[in-house]
Amino acid sequence: MRKDLVRETIFGRIVHLVSGGKLFPPAEQRDPSRLQRYTVTKSASTSATSVSASSDVPLVEKRNPEKGNDYELVDWLENDSENPRNWSTTKKFFVTFQICFLTIAVYIGSAIYTAGVQGVMQQFGVSDVAALLGLTLFVLGYALGPMVFAPMSEMPFFGRSPIYISTLALFVVLQLGVIYAKNFGMLLAFRFITGFIGSPVLATGGATIADMYAPKKQAYGISIWGIAAVCGPALGPVVGGFAAESKGWQWTIWELMWLSGACLIFLIFFLPETSSSNILYRRTMRYRKLTGNPNLKCEAEIEAEGMSSKEIVQIILIRPFTLSFTEPIVFLLNLYIALIYALLYLWFESFPIVFIGIYNFSLGTSGLAFLGLLVGALITLPPFFWYLHQYQEPLFNENGDIKPEHRLTPAFVGAFFIPICLFWFGWSARTSVHWIMPIIGSSFFSIGAFCLFISVLAYLGDAYPKYVASVYAGNDLVRSAFGACFPLFANAMFTRLGVGWASSLLGFLSIVFIPIPFVLYYYGERIRAKSKMARHDL
């Protein structure tokens, strides 16, 4: 195992601290001459850059603000190996895999609970609607959590990795509160808390991907992460069905605890920090200590110095809400993705009605019906990658930028697959039709959700690059809030209207939203031009 793979992990940083700096030393400690290479000289009057051709000459950017405080800017070297954008492809793939693992380990916690709803009803003597609050509050928890954790991850002194690890550790331990709940109120309280605590990756996973990949390649990484986000809830009933049938509802939570616990151990040893602001901030602190020069500063640190504590709190707590409800682009796309997640969680509640009630599946085998969603997502990936390579990559300019609206074209296809799925599923779910037909129909939902999810996240990231984590947090808030509420009336709707007409109603609702990506494709640039927070130069 190469040391540079472990050095930036939580394990590597703790070992370095405990060993007094002897183990896993940073680059400048192994090669002190590197201290002279991390800066660039700028004229304070012209801001023109002057770079020496000799690597032996210190490259220092000196600035002289009006306050009269000189500082020397610590920045990336050209081809700096510690810059996540310059990591090897293998390392980027490995970190992407870890973010997907973490996403599944948390996201599966929502739907895995549904396999044990009957057991919760029996143990606590509650109705099916009340029992579903365990799902609703969990989803609501991971709607609210990113509004705090995502902006924190943008702060240079926090970074992403410590937030992922610390919250996941709590997520694992607090599952015991769900398992050993003494009453229904305690169960619901811990379901909400675990959803809240486990939420960071659900919003900032995309930002972590963006940390590593250049804009031209980000869609590939985000699409892999999108598979995990789409399939996480779908795998819950598959994993939990047989456990709930054989051992009771608590075993679904034990499985969640084991999976997330294994993920925690893996991430402690192998997940490095990806936030460039945090890496440069810690590098600057080390340089100041080694050189005794208090004027060494990084860009993020300089920006933070001009902010009061009140402004920092406002960024953490207010910015995601501001972006979500005052930016028309963000609001419309959040609303669309919220509809998709609401339909997903509401529609999930029809699976027991269809496969247990109509096709006489057992509780365990009914969970296998969700595999259609997984298959749909997986078969979408190869043609999507082909589209990115053949059509989207050539649209990038020489600076590696693309007009954000070009990211929306896959949504044109995905928008139609949602109603196709719902109509197919609803009217094929009958005793005279083989059970494989509604499962095939369900796969179209993954295709549509995947294309919409990836397009929207890529578009929002390109349109609001300075606030990407906050934008994603707002997106998670809106979609999860809708996903939390809709399942509460699912059983009543499917029972009273029947599977066919209930699914059709959802299909007609999804048709209403189809124009959104088309409207933004043609008018998004004009809308961005009027925004104070969106990017205007593309």
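From the backbone N, Cα and C atoms, a Cβ is placed for every residue, glycine too.
Because the structure is a prediction, the values reported are computed rather than measured.
The transmembrane segment annotation in TrEMBL covers 93-117, 129-150, 162-181, 187-210, 222-244, 256-281, 329-348, 368-388, 408-427, 433-460, 505-523. The feature domain 'Major facilitator superfamily (MFS) profile' is assigned by TrEMBL to 95-527.
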Whether the transmembrane segment (129-150) meets the transmembrane segment (408-427): three or more C-beta pairs under 8 angstroms: no
Selection from 93-117, 162-181, 368-388, 408-427, the stretch that has most Cβ pairs under 8 A to the transmembrane segment (433-460): 408-427
Cβ-based contact of the transmembrane segment (368-388) with the transmembrane segment (222-244), 3 or more pairs under 8 Å: yes
Within-chain partners of the transmembrane segment (93-117) [C-beta distance under 8 Å, separation at least 6 from its ends]: 5, 87, 128, 131-132, 134-135, 138-139, 142, 164, 168, 171, 191, 194-195, 198-199, 201-202, 205, 208-209, 212, 221, 224-225, 227-229, 231-237, 239-241, 243-244, 248-253, 255-256, 259-260, 262-263, 266-267, 270-272, 274, 345, 348-349, 363, 367, 483
The transmembrane segment (505-523) versus listed stretches 162-181, 222-244, 256-281, 329-348: most Cβ pairs under 8 Å: 329-348
The transmembrane segment (162-181) versus listed stretches 222-244, 256-281, 329-348: most Cβ pairs under 8 Å: 256-281
Intrachain residues whose Cβ lies under 8 Å of the transmembrane segment (329-348), provided they are six or more past its termini: 110-111, 114, 135, 139, 233, 237, 323, 370, 418, 422, 425, 445, 448-449, 452-453, 456, 459-460, 463-464, 471, 474-475, 478-487, 489-490, 493, 503, 506, 509-510, 513, 516-517, 519-520, 524, 527-528, 531, 534
